[in-house]
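> Structure incoming, see below.
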């Protein structure tokens, strides 16, 4: 009995103590200001670290969520307006979907006056940062113009040169690329292809679209998309493309093995795709301009309208897009191409990449970035893009026999999934 | 010795309260709320707008709803028939007195059930991937094929693949339930049959099977309810697309896509209730047919 009576006070004491300790630890961090940020990319860690160094009284609560689940999580917190982060990263694929949600802070208004920041950025990014009414809803920190990454050993063997300018000249049109591809497949006995899949063509061509999928609530198929389809079909028939699915294991392996000659990818392909997947091929790569300028991906920072820490949130967004010292450090140490043209330009004459055989890649992308046009997108585009891609694959793999059948099947599915959209 | 009236303490309610509290909050409330949502049009922002029976009307003419239902039934049927028969045979064998290493086999057959469904889908997806999948590499090394086959492009094959995953995952579970049922059959009856000179096969069909029928009914009903909710395996196997040609798009995947990638919560809820009705119908059918059988058996 005695035992029993002493156990209860002890448990009570433990509970009480833990509560008190809990309180005391939170009271010590109260001196620091808390900022909550959600991200899907580990790039954020570097920026947050530097931000905390600069502002030691700020404690950033960074939540990393895998890209597969990120959009759903973000949209659900915005829907219920509970636990919404002060700042959140948004990838370009689903940025149009987020951008139109009326819970994002208007950054055009003072005290932000984001237009001033936009002026320093590439034009195509500026257009994407604004919603349909021209109000800035997010800031892009990344510059994403693209180029044709190529294996120098392969171009030397098959084209007789590995000089970026000469290679650019040789691949200045799809016709030329197709001819090269045909020859390469033949000479290598089917081992080597010019491109990895039809997505490579799409990477370039999808940047040249003039109309989004939905115009005035009506499904619109831009001519450029049909043109891409024709190119893809031709490329598949002439064996210009290997059948490696983008981001699949065969695709990444091909970089290391040197079975594909060209990869049209944006700036961030250098650290995130090539260095990551083929670290042993450093120095074997080059960058050339392809048939058309293009861009790919990108990340935007947005602020929650109901945030209690708007000052701090803005401080972070400003830091990530305009702070010269930080941005230079980011560009140099991470080989990171920025949305801020001024700083890119300043670094362009000096920054070279060992991975690209000491090519001046900032210089290359500064030039490429000026020519990129913005791609108009609606909140439907992400979903409809994946439907389209599926249908294109069905067509190329032969399950949908004709182009007409493919487009018909695509229209049916869009009309079905989005009854509010008019489809003819 | 006995007090006059039975003491009625209410403590019992306290003990069962946690379950009901949790059920009301996380089970019943969402069910009722989604019933309400199924009569609305709602994208998660703003207030749901009542639209009457519009969502249900849409379901009735919805080709994809029927297709997903068809896919689910095909995938379920192809997996559940071998699952319930093979596991029954295994259970009977492992219930025999003179089989060595019974517990080892029981454990090994049950292991697949412990593996997360999502990781199984991913794993099988990798094995059957087009260019680098080990299955294609294996066939090529044997010289059976010269070019890798794009398995993900073959509707019936992919359905079959999902069925095989489900079979592999659940046959051990069904087996354990059968074994439990077999242990409930009185040894006296079996021994009596043996003494009367009945063969093993006769014992199985005339004694074991009829006495197991409540267990079989349980298995059929739970597998219908579980089978109609197939989601993880096809979702991870096809990267959430339900391809090729929507052949592996199951009803719950369709529900998920509608509600959580296209944010049509109203229609998504209506699909959920459509599915609910289908499950109820199938459960009633299986209940009545099984009951008829047992009644006939008794008569």
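Using the three backbone atoms N, Cα and C, a Cβ is placed for every residue, glycine included.
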> Checking feature assignment: transmembrane segment per TrEMBL, candidates B:35-58, B:107-130. Which range matches?
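Residues B:107-130 are the ones TrEMBL records as transmembrane segment.
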> TrEMBL lists transmembrane segment for one of the ranges B:12-32, B:138-158; which is that range?
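In TrEMBL, the transmembrane segment feature sits at B:12-32.
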> If you count Cβ pairs under 8 Å, which stretch among B:12-32, B:107-130, B:161-182, B:203-231 touches the transmembrane segment (B:73-95) the most?
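Maximum Cβ contact count belongs to B:161-182.
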> Can you tell me which recorded stretch out of B:12-32, B:107-130, B:161-182 has the most Cβ pairs within less than 8 Å of the transmembrane segment (B:203-231)?
B:161-182
